[in-house]
Amino acid sequence: MGISIVIFEICLLWGQILSTASQSRSSTPDWWNHGGTINDVIYDTQETPEVTTTQVPDSTSIGTDSGLAVRLVNGGDRCRGRVEILYQGSWGTMCDDGTDSGLAVRLVNGGDRCRGRVEILYQGSWGTMCDDSWDINDANVVCRQLGCGWALSAPGSAQFGQGLGPIVLDDVACRGHEAYLWSCSHRGWLSHNCGHQEDAGVICSDSQTSSPTPGWWNPGGTNNDVIYDTQETTETSQTSSPTPDWWNHGGTINDVIYDTQETTEGTDSGLAVRLVNGGDRCRGRVEILYQGSWGTVCDDSWDINDANVVCRQLGCGWALSAPGSAQFGQGSGSIVLDDVACRGHEAYLWSCSHRGWLSHNCGHQEDAGVICSYSQTSSPTPDSQTSSPTPGWWNPGGTNNDVSYGPEQTTDATDSGLAVRLVNGGDRCQGRVEILYQGSWGTVCDDSWDTKDANVVCRQLVCGWALSAPGSAHFGQGSGSIVLDDVACTGHEAYLWSCSHRGWLSHNCGHHEDAGVICSDAQTQSTTWPDMWPTTTPETTTDWWTTKYSSSVPTTQFPTIADWWTTPSPEYTCGGLLTLPYGQFSSPYYPGSYPNNARCLWKIFVSSMNRVTVVFTDVQLEGGCNYDYILVFDGPENNSSLIARVCDGFNGSFTSTQNFMSVVFITDGSVTRRGFQADYYSTPISTSTTSPTTFPIVTDWWTTPSPEYTCGGLLTLPYGQFSSPYYPGSYPNNARCLWKIFVPSMNRVTVVFTDVQLEGGCNYDYILGFDGPEYNSSLIARVCDGSNGSFTSTQNFMSVVFITDGSVTRRGFQADYYSTPIRTSTTPPTTFPIITGNDSSLVLRLVNGTNRCEGRVEILYRGSWVPCADDSWDINDANVVCRQLGCGSALSAPGNAWFGQGSGLIVLDDVSCSGYESHLWNCRHPGWLVHNCRHVEDAGVICSLPDPTPSPGPVWTSPPFVNYTCGGFLTGLSGQFSSPYYPGSYPNNARCLWNIEVPNNYRVTVVFRDVQLEGGCNYDYIEIFDGPHHSSPLIARVCDGAMGSFTSTSNFMSVRFTTDHSVTRRGFRADYYSDFDNNTTNLLCLSNHMRASVSRSYLQSMGYSSRDLVIPGWNVSYQCQPQITQREVIFTIPYTGCGTTKQADNETINYSNFLKAAVSNGIIKRRKDLHIHVSCKMLQNTWVNTMYITNNTVEIQEVQYGNFDVNISFYTSSSFLYPVTSSPYYVDLDQNLYLQAEVLHSDTSLALFVDTCVASPHPNDFSSLTYDLIRSGCIRDETYQSYSSPSPRITRFKFSSFHFLNRFPSVYLQCKLVVCRANDVSSRCYRGCVVRSKRDVGSYQEKVDVVLGPIQLQSPSKEKRSLDLAVADVEKPASSQEVYPTAAIFGGVFLALVVAVAAFTLGRKTRTARGQPPSTKM
């Protein structure tokens, strides 16, 4: 009877585990041998229950401890047969309950195990699947089952070739959450109506990232004492993964160890940590491997800080709780640690303060446990650079010899036997480049090695983009072959060996020229620098101690200080550009001593509408704040306020006011210590004006944990689970927990609440779900007691907030989340209801419009759809509606039943929103069903754009792409831009140009966060130009998937987005920021002169005094002599004097001069002449300032961009004698308005031309609803008239005042002016009307944008009037006797390209509640 019980337990447990795990792992067991001998073989995967061993102690824990093993016998090969388990020293069989005996899945013919044709092992044979109904949900199940991440695509039509044998399944319909593919709905086994030409395939996210087969395959030899450690590669035995390379036909394998473990991590020899008895590897009793035995930890002083260290060490996220009292059962053996006291930032548990090894005063009833955030989710493989795993082959009873093969760096390959890795850099994303070729690792020569080559390596290793491409064996000299030389990549290749090169093994260099790479992801990891350098003494050079520093590159390099008095040492790197939403950085060599005379700059640049918070977790510097210190700036280093100066012993945090922060670490020439370590993260900039009603205990995982509990966190896996604190125990009072769920792009987030037991009533304890960031997204739902259900976001980001009051706690809640791909529909529904309210019975929609984002406003109230009245209805109310429906911002708020009259009750009237409410019914109103109007006053809304990302209601299709706008002129210090309709599909045949201009002597950096375009760089692409696009060199062409950053050499950059006529995708999103350039030289192009300045210290470094620098031939003229200050030599150079030359060519005007410093007397010279060339280049409306220095060896180039000054004013009459000086300027409707514009510049040979003037009811939108006065020089309005002017530099014109109909309150006028060379009849100013196609891809004229106004029209009465409007109509007076409204006009002087605005404003009923002036309702 006892034996029956034991067998029954094994059947249940192993039947369950093997059905979930053994079919998701694949490796050749190490004990398999054809004709050979196997000794001391250990097969350890730990995350699955598969453990095969011949020398293990007994174990009481079924399925995890090393006393268990599994094998397949009597099947003919190692991957089939009867399942037998080694239990208590004897092999036994396993019953088949729940295991789906004989079922397995694999992907073949795809190049790696995570992509290919889907095949299922059924009844002993591999068969294929038909692609009928095959989609991304089905593919997700396959990817998850194989441990390959999530699905990128689900190709059909035998994309990976036609299979053989039976077609096993057809019409598969998965929901996406099934554990096995055969658990999905399908037609039936072997039932189908298709052929192999329809075989289904899958491409998973982990494709091309797994380690390839190493080249030391031994088909007939002997391998002794081999350790093969892949750490991250775990496969199912049924997949077509490669056979391990130690496979031996006819040979002998001794002491073979195959290690894919994920649950033990360590650094000290013999130390490791694991969690047992918790159901998965991320929860359970804490055990430490010490002196060859596993022991427990006592729970004295055990808290969340200690648990956080364990979770991070195991790659299990962060700690949810730290249970004690042997919650996961009592352990056996020694109690290894007691009184553990971690700060929470230690790398290893044993690094924390503790009582001492094996010293304790407790028993196993106090064994400590941990529950990590990744528990019950698909736990990711811990990054190799963040922890050092203790090999899972540790065998206290066996023998292991010392030969180890452990490719700890990530390798990536496609061709058989080819792979790339980075070594000797401290983590997998930086180091010496090595390629696996013909079975051996070899290096790459640095001839022609540059950032383009490095970018290919970084992208291939999934390490971001390249920060630098160091050569000269920066990461130490390699050994073995030099595999490649003269590598010349374009930067877009998929693999390094796809680039042009000299040929395999062909080179003319030595290992002292080995190439290296530093990728962007390397800077975001903990920079713990190991002793990686060779111990041999390099050849001594004469200038090895010189500090290498350049502000133009993102990293700073210094020589290592060890033994500096005898031998040179390899260099290290510090500083960098950090662009991820969170990460970590530290001083060089941390936790070792930092070097002397260091200056490291970290630029932390996160997404717009976010702030940066830096938390210093460990600061140990030289005492005194004048020697070694850290500076924190609120933006770029050279032009931002100093937030803090951090000195020795300080721990704390600082937050920026924007999305950019600079951190500078400076040390002096003596005394070095441990250094510092810091974490950073981004948080949304709150737009809320009121503080939360409850105190935020913990809102993010990076926040310092509460002494009692933690809650909330950042969830980035494609699926997972979270719950209230202490669930299923009672949650705490006054809690506020925020979970940020961020899944892969082109996916939505769905949260399913499986258990919700809160205090009754929705005003006390509740859960809020937001469609994006908490503070600037619409509320999806308010979940209260008993409200089980699911909610889906419209994007790949959802925020969930749990709030409790000060009394009554209950069980809490538990929720699952998962991601699903965004799909589109071909037929839009006629109405678009979306449940968004606090009350599930309230629904908002827009009807009778052309899409879901415009129409009559209707609310579902008590089961019926009812409209809203237009009394007090304005743009603020409309903004709330648009944001609530995910439709952008409001363009207008038409009333008077513009979209037709509704029927039934009128639910709301006199709605008065501030514009920031989350729901329309949260705005002020008299009450439900309280009104004094009829359906002729039904309110409507027109939103900016239909959202191409459907909401969780009915799906819809974007309207035809006919009236979109893209591109623009960006002048802020930082900002963001994206492709049209992003994240929806961009349109075909798009030509979008963004011109980014920042202040003089700044540089522009653009960071591409997301690039998803049509594959192939000849169809849809982004081009980055180092200045205006039509006259500047191309920096880069960005194609599908090629994210990265690019920096201009001037203060101007152009970005052009081009698409062809077919295939559209998600598009791109980019941020830009500006950074101050070096101050050696400086050039400004002003309206009357150039101002060139040169640093005196720079002149001195070149061997010249400040008086040696002159304008050649003009040094005797007083006006051409420089002003010499304490720091600079400043020249004021007129455009028409001091030797300035003027050259006109191809629609440009160049003003050039140069400065010179030279030896003026003597027979010989030992100093090089110094020439500084300066020029101001005008491109129609843009000044291009260039400054460069030539002195035979040193060239410094400065490029700046500026603008014309333009004065534009209203005049009283056509004589243009008297400008309007009153403000406001009152005019009648249809009154003539006279304007004069003049370009301000000392050069008199310029001309000004009015190219386009467009009117709009909106100040910032001149595309949706416009009226043209003149366009491209072609007059469109009958009242427009130009006048002769006394000078080509002046232009004069007039038009009659007007206003738009349909209650648009304002009219804004935008004019584009062109600057040309006077008397040049070929220029734009003399060509008049030019008809140009909408998407002309040829060169075009840049213009000066000027917006005039405002002009306010006041109605003579406050009575309601109904106005009919055709969108393009402009109202004219009915008769000359009619009383016209008047308008107030403001004019002024504006910089060209700076918008100056003219508005004709129509008012309506007074709304004193908002503090606005009275206006008239029409």
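A Cβ is built for glycine as well, from the same backbone N, Cα and C atoms used for every other residue.
As recorded in Swiss-Prot:
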- 273-373: domain 'SRCR 3' (DOMAIN)
- 375-391: compositional bias 'Low complexity' (COMPBIAS)
- 397-410: compositional bias 'Polar residues' (COMPBIAS)
- 574-683: domain 'CUB 1' (DOMAIN)
- N639: N-linked glycosylation site (CARBOHYD)
- N651: N-linked glycosylation site (CARBOHYD)
- N776: N-linked glycosylation site (CARBOHYD)
- N788: N-linked glycosylation site (CARBOHYD)
- N838: N-linked glycosylation site (CARBOHYD)
- N848: N-linked glycosylation site (CARBOHYD)
- N963: N-linked glycosylation site (CARBOHYD)
- 966-1075: domain 'CUB 3' (DOMAIN)
- N1078: N-linked glycosylation site (CARBOHYD)
- N1115: N-linked glycosylation site (CARBOHYD)
- N1146: N-linked glycosylation site (CARBOHYD)
- N1150: N-linked glycosylation site (CARBOHYD)
- N1191: N-linked glycosylation site (CARBOHYD)
Worksheet item: Could you state the CA-to-CA distance between N848 (N-linked glycosylation site) and N1115 (N-linked glycosylation site) to the nearest Å?
Response: 76
Discussion item. Just to verify a number: CA distance, N651 (N-linked glycosylation site) to N639 (N-linked glycosylation site), in angstrom, no decimals.
Written reply: 26
Worksheet item: Which whole-number value in Å describes the distance between the Cα atoms of N1115 (N-linked glycosylation site) and N1150 (N-linked glycosylation site)?
Response: 23
Worksheet entry | Counts of helix, strand and coil residues, the domain 'CUB 3' (966-1075), according to DSSP | 0 helix, 57 strand, 53 coil
Discussion item. Over the span of the domain 'CUB 1' (574-683), how high is the average pLDDT in this prediction?
Written reply: 87
Worksheet item: Which whole-number value in Å describes the distance between the Cα atoms of N1150 (N-linked glycosylation site) and N639 (N-linked glycosylation site)?
Response: 31
Discussion item. My understanding is the cutoff is Cβ-Cβ under 8 Å with a sequence separation of 6 or more in the same chain; which residues meet that for N639 (N-linked glycosylation site)?
Written reply: F1076
Practice prompt. Let me know how many other Cβ atoms fall within 10 Å of the Cβ of N1150 (N-linked glycosylation site).
Written response: 16
Discussion item. DSSP on the domain 'SRCR 3' (273-373): how many residues come out helix, how many strand, how many coil?
Written reply: 16 helix, 35 strand, 50 coil
Worksheet item: In terms of DSSP three-state secondary structure, what is the assignment for N1150 (N-linked glycosylation site)?
Response: strand
Worksheet item: Can you tell which of N651, N848, N1115 has the most other C-beta atoms within 10 Å, given these are the glycosylation sites?
Response: N848
Item to complete: Using DSSP with the three-state reduction, classify N639 (N-linked glycosylation site) as helix, strand or coil.
Response: helix
